[in-house]
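Visitor: Before I ask anything, here is the structure I am working with.
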Amino acid sequence: EVWTLMNSKYSEFLPSVQNREDLVAEVEGLCMDIDLLKAAIENEVQQDLKVAVTEFTELKQQLERDSVVLSVLKMLQEFDTAMKEFSTALLEEKYMPAAQRLQKARSSLRKVESYRGFELRIPKALHKELTVQEQNIIYQLGKEWQKLVVWKLPHSKGSSSLEAVVLSELHLHTVPPQGGDTAVPPVAAVLQALAVVGELHYKLKEFGQLLMEYILKPLISYPSLEPVTEEQPDVFILRFRSQELASDEFSPMKVFDQIKLIFEVLHKYLLNVPLEEPGKGEKDGRVTLAELLGELIWEELSNCLIHSCLVHSVPSSSSQLEQYKEVIESTKEFEKALKEMQFLKQDKTALLKYACNVNFHFANKKCQDLIKAARKLMTSEIHNTVKITPDSIAALPELPSPGSGDHPKTHGPSNLLDNGTVNLGSESSLSQSTLSLPTCRISSSVQQLVELAYNTMEEAKTSTKFCCLQLCNCVRDIFHVFCEVVPKYHRENLQKLPQLAAIHYNNCMYIAHHLLTLGHQFRYLSSAVLSDCGGTFVDAVPDFKKLGMECFLAQMQVQKRGVLDRLWSARNFSNMDDDENYHAANKSIKQVLHQLKGLGTVWQDVLPVHVYCKAMGTLLNTALAEIVTRITALEDISAEGADRLYSLCKIMVDEGPQVFTPLLEEHKNKKYQEEVPVFVQKWMMFKELMIILRANLQEIVDRWADGKGPLAEQFSAAEVKSLIRALFQNTERRAAALARIK
């Protein structure tokens with residue numbers, strides 16, 4: 001049974017094994033076919049495919065080259081066509097089509113030159129031809145332009161004098177023919193063609209320069225010029241004529257009207273031509289000739305109008321500011337007219353801005369004029385003087401009563417003082433001369449300078465806040481300039497001439513005197529304005545006092561050195577019994593007195609009396625102190641020498657007071673000559689020295705009076721002992737006297 005079962009299983013398995021073997025054999029056969037096919041593809045088909053790809057690439061490149069050549073040929077054909085049409089249009093004087101064809105030819109040639117990889121010689125030749133034809137049309141258009149716009153200028157070209165301008169004419173052969181075809185006027189064709197070829201800018205620039213030099217600038221600079229227009233059938237003529245004027249005043253309204261007339265006729269006959277200017281216009285790339293010309297000359301024209309016309313019309317006083325509104329309105333109308341003619345762009349308002357800023361320009365002009373006038377006064381001669389007294393009355397603003405709050409009004413002399421006094425309660429009163437400047441002489445130029453400052457402050461009261469501030473600052477600047485200019489400009493004279501030094505001192509004190517109250521008198525201007533310009537002028541008072549004092553003290557030092565130099569030749573007042581020494585000392589004393597008398601004369605009626613007396617007293621005191629010092633230093637004085645020293649001192653005592661002559665009236669000077677001890681500190685010491693020179697020992701001891709007498713008030717014990725030893729021989733009496741001096 002087992003064997004039978006195995007045979008039945010084997011008989012069932014055997015066919016299956018044979019079938020699988022058959023399939024293996026079939027698969028092996030298919031693999032061999034695949035290998036054969038793969039080998040065939042690699043050896044034959046792939047090689048044929050590579051050849052096909054190479055052929056396709058070559059055909060593609062050939063097609064591209066042929067396409068480029070075809071495009072180049074097409075553009076060359078377009079170039080040729082455009083050049084032929086250009087030549088035809090140029091011969092027929094159809095300038096605009098000719099210019100357009102030339103631009104088309106240039107565009108085609110540029111496209112040809114833009115292709116790379118082609119070494120073509122023909123574009124170079126075509127470029128040369130294009131350049132020749134371009135210069136040809138430019139030449140033709142230039143001739144046409146010269147026919148349209150003709151300048152007839154004087155032989156001295158370049159001169160813009162009045163005579164040359166009157167001989168100048170502008171002829172515009174742009175008048176449309178009567179009854180002719182005006183669809184495209186010849187002038188428009190020429191100008192449009194010039195714009196297309198890029199030459200219009202150069203033509204307009206040259207035209208604008210001539211227009212400025214021979215028409216616009218002369219109209220601004222010469223008020224007597226008047227434009228004359230004349231229209232003939234084929235030409236428009238613009239010329240000038242000169243008319244006599246009563247004055248050379250610049251009227252902006254007249255200038256604006258005349259320039260507006262010029263642009264109106266230019267706009268009518270030349271400038272109203274639309275041009276194709278891509279990128280420059282606002283609508284479809286179109287601009288007018290007026291716009292192009294405006295861009296070229298407006299800046300120069302506006303500057304000329306401002307600096308040669310409007311600047312002269314700026315008012316010189318605040319009362320004229322109201323009238324300036326007419327100028328502002330005229331400027332507005334002028335700019336509006338130019339904008340309507342498209343000569344001026346809407347955003348250009350340089351003239352109107354300048355005119356509307358009149359307050360600023362008025363203030364600047366006023367300040368410049370004030371500084372100029374002040375500087376002229378400062379550099380004028382100092383010695384031209386006027387006399388100032390406490391009774392001098394100036395036309396100053398009236399100060400309001402305290403607490404009134406009213407603004408002061410300007411009128412004549414101040415009425416603050418009634419019958420010469422100001423009441424301060426029921427009992428006390430001040431005289432009119434209280435706090436007044438003492439009688440002296442000042443330069444007339446300084447008086448005018450102070451009046452200029454007052455007038456300026458007075459004008460500031462009625463000005464705008466800005467002008468008020470500028471004018472107040474200008475007054476401050478005037479006084480600052482005085483401190484800088486006068487000492488330097490007049491330095492040499494102030495050092496050499498004592499009279500000018502005294503006048504300068506008075507000038508400084510006069511200015512300082514007014515600066516004390518100048519700000520107070522105008523305190524009602526505006527608290528804000530006054531604070532902006534420094535509040536008051538009191539801060540400048542010390543500077544002016546210092547300026548005057550330094551100059552006068554420097555002159556005093558010069559005079560002191562003169563006194564000491566002259567006393568130096570007195571040989572120390574020693575050995576006066578020697579005639580030669582005595583004569584030398586006597587001469588030096590007289591020279592000192594002569595110097596002081598001369599100085600007193602040049603300062604007479606110039607310095608205030610108290611300053612005069614103090615100055616002369618100081619110089620005389622210098623001389624006396626030097627003499628006392630020299631004599632007290634002597635170790636031996638003979639009897640004859642003492643007498644001669646006494647005589648020399650007596651000359652000083654007798655003639656010294658005569659140098660005090662502050663006033664012109666001689667009888668009035670006696671008062672000051674009698675008050676010499678008040679002004680000369682060493683006067684009493686000098687007189688005591690004279691007493692000692694002639695006194696005996698007892699008299700000297702008596703005047704010493706144990707240190708309580710008049711001699712002790714002037715000399716020290718050592719000085720008195722030294723004089724006794726020099727004057728008296730060494731005796732018991734001298735020793736006793738010396739013992740009493742302690």
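Any Cβ shown, glycine's included, is placed from N, Cα and C.
Straight from TrEMBL, here's the annotation block:
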DOMAIN    2-83  domain 'Centromere/kinetochore protein zw10 N-terminal'
DOMAIN    141-378  domain 'Centromere/kinetochore protein zw10 middle'
REGION    397-418  region 'Disordered'
DOMAIN    436-563  domain 'Centromere/kinetochore protein zw10 C-terminal'
DOMAIN    587-741  domain 'ZW10 C-terminal helical'
Visitor: Run through the domain 'Centromere/kinetochore protein zw10 C-terminal' (436-563) and tell me, per DSSP, how many residues are helix, strand and coil.
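Guide: With helix first, then strand, then coil, the domain 'Centromere/kinetochore protein zw10 C-terminal' (436-563) has 105 helix, 4 strand, 19 coil.
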Visitor: What are the DSSP helix/strand/coil residue counts across the domain 'Centromere/kinetochore protein zw10 N-terminal' (2-83)?
Guide: 82 helix, 0 strand, 0 coil
Visitor: Along the domain 'Centromere/kinetochore protein zw10 C-terminal' (436-563), what average pLDDT does this model show?
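Guide: The answer is 87, the mean pLDDT of the model over that range.
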